[in-house]
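One structure is given below, encoded as structure tokens.
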Ligand code: 6PG
């Protein structure tokens, strides 16, 4: 029997489509699923697309692979992943590779990588973005792990990934948990992108009284300019959708409580640990949390708010477009800061320009805009913040008056725009010469003798607040 080039275990939609993608690219793919019916189904339905080598149990699956063995696990992230890894590790030999393609937490990936390294096995935690369609037609693939594993896996991953201008949307991200970390930040940015889109829609609908179908046209128009992206494109599709049963716009029959599987929350948790203000992602995550409290919303529904009528003219549309673009720049700048901070903290040596490159296609946040980010890091790999890149600085300058008008209109009309508002506050805070953090330091010293530094000399100081208020070196 011919041995397979690579194996996929876990054949739910993502795993099945990834296996098909590999087979369509000419790789012989070993396939396995806990319930064998799914494996049989795959071979029956799609066997004609390439070479599949089905196995009923893991031992047979591992035995059907060429050495060094390459196995991709596509199971739901969590305890189940550890169980599959343990079983595979028992059956594999030093030099073999286990790839986890689920949305695992990067700390779990670091732990698993270290444990398997002890056994001589390579563990590759990899982000895969693009949903079902991406898995089949070309996702963005973000693998971590050792250099050796990338040598053996990279050509295959680059082959099946999305391609933009002939460049594959996959690179070796960095060691251990780097791939899953980058995927986590991708998802955090995805939350932020969607929140900003939702705020744009909400404000325009409330202030202009525009219908979802009219707004679909607005998003379609925006998608022809600098906002050109997958999420803007599908926003037009969703807004245009009419519910067959009631004849109402689809968005009006969907319960307005946004769910999450957790990657947005993880991004914010990690950002808190790293001390990176990812306010855009945090606001998006909290906006979902707020939406999910119907009892509080019902209790607050009768609270006073401003009258909404006749607040905006058609010029608000262009203002909102500018606010969306500016806020998006802020959200991405923050996400890239978080990757830079993690790179330092965990010793990953992340190439931020390369991350922008592999997000240009295949993934959920794919956008023209990522070309600008790549160019910014090409021009200056040490860029302290994307906001300082000349292209983005100019875009922010061009947008800021509109951005301020949008936030003002939102406040006046009582339409919540936490994404726009916090992004503008971040922009204004970052560009400030002096921040009121100096007062915070004074207060900390007052009640807790926490000390402060001075602008004019070295060292730490304390003022004797309860005594004669003289200052002394701490
Ligand atoms: C992707 C998506 C994918 C998934 C999100 C959804 O890149 O293909 O990000 O990973 O759809 O995790 O996340 P929530 O359920 O948390 O919104």
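Heads up, residue numbers simply count up from 1 along the chain you see.
Glycine is no exception: its Cβ is also placed from the backbone N, Cα and C atoms.
Since the structure is predicted, the reported quantities are computational estimates derived from the model, not experimental observations.
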Site-mate of 103, 129, 130, 131, 186, 187, 191, 288, 444, 450 for substrate in TrEMBL, selected among 66, 261, 328: 261
Proximal residue to residue 450 (substrate binding site) among recorded positions 14, 76, 183 (C-alpha distance): 183
Close-lying binding-site residues around ligand 1 among 10, 33, 288, where CB distance stays under 6 Å: none
Cα-Cα distance linking residue 183 (active site, proton acceptor) and residue 76 (NADP(+) binding site), given in Å to the nearest integer: 15
Residue 14 (NADP(+) binding site) and residue 130 (substrate binding site), Cα-Cα, nearest whole angstrom: 10
Set of same-chain residues at least 6 away whose C-beta sits under 8 angstroms from residue 288 (substrate binding site): 191, 258, 259, 260, 264
Length of the line joining the Cα atoms of residue 103 (NADP(+) binding site) and residue 183 (active site, proton acceptor), in Å: 8
Residue 35 (NADP(+) binding site) and residue 190 (active site, proton donor), Cα-Cα, nearest whole angstrom: 33
